[in-house]
Amino acid sequence: MKKEQFYPLGIFLAAMLGGLVRYLVSTWLPASPDFPWGTLFVNYLGIFCLIYLVKGYLVYKGTSKGLILALGTGFCGGLTTFSSLMLDTVKLLDTGRYLSLILYLLLSIGGGLLLAYYLGRKKW
């Protein structure tokens with residue numbers, strides 16, 4: 001068997017681990033109806049992991065493609081969550097927390113882009 005045939009399994013297992021980490025972080029951070037700190041934190045953590053992983057891969061090309069796929073697509077994909085971002089956005093909108101909504105979207109999208117840009121330019 002070719003090792004490429006095992007890539008989906010590695011992605012699947014790593015995504016389960018990423019989802020578990022996301023869940024554990026959400027139980028660790030105090031829940032607040034005013035602001036979804038847990039979602040923001042795991043998305044920032046996912047950005048950090050993905051940028052670190054990609055930069056590391058580009059610097060050290062000896063890393064296995066399967067490992068990169070498992071960690072990038074699997075773990076980081078399971079850790080970060082666009083659907084929770086949207087759900088939290090709708091919850092803030094429905095409850096009339098407009099200032100929190102604007103801040104959340106600015107921090108999530110703008111902050112995420114700035115974090116990715118900063119980490120991408122940083123010399124490790």
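From the backbone N, Cα and C atoms, a Cβ is placed for every residue, glycine too.
A quick note: this is a predicted structure, and the numbers were derived from the prediction, not measured.
Per Swiss-Prot, the feature Na(+) binding site maps to Gly77, Thr80. With a cut-off of 8 Å between CB atoms and residues at least 6 apart in sequence, the same chain places Gly18, Arg22, Val42, Asn43, Gly46, Ile47 near Thr80 (Na(+) binding site), listed in sequence order. Under the DSSP three-state reduction, Thr80 (Na(+) binding site) is assigned to coil, being neither helix nor strand.
Summarising the annotation, Swiss-Prot assigns transmembrane segment to 9-29 (among others) and lists sequence analysis as the type of evidence.
When Cβ-Cβ distances below 8 Å are used as the criterion, the transmembrane segment (34-54) is approached by residues 18, 21-22, 25-26, 68, 71-72, 75-76, 79-81, 84-85, 88, 91-92, 97, 100, 103-104, 107-108, 111-112, 115-116, 119-120, 124 of the same chain, each at least six residues removed from its ends. Per Swiss-Prot, transmembrane segment is recorded for 34-54 (among others), and the stated evidence type is sequence analysis.
According to Swiss-Prot, the transmembrane segment annotation covers 67-87 (among others), on the basis of sequence analysis.
Annotation comment: Swiss-Prot describes 99-119 (among others) as transmembrane segment.
Listed by sequence, the residues of this chain that lie at least six past the ends of the transmembrane segment (9-29) yet keep a Cβ under 8 A from its Cβ atoms are 37-39, 41-42, 45-46, 66-67, 69-71, 73-81.
A 10 Å cutoff on Cβ-Cβ distances gives Gly77 (Na(+) binding site) a total of 18 other Cβ atoms nearby, all chains included. Residues 7, 10-22, 36, 39, 42-43, 45-47, 49-50, 53-54, 57, 108 of the same chain, all 6+ positions outside the transmembrane segment (67-87), place their C-beta atoms under 8 angstroms from a C-beta of that stretch.
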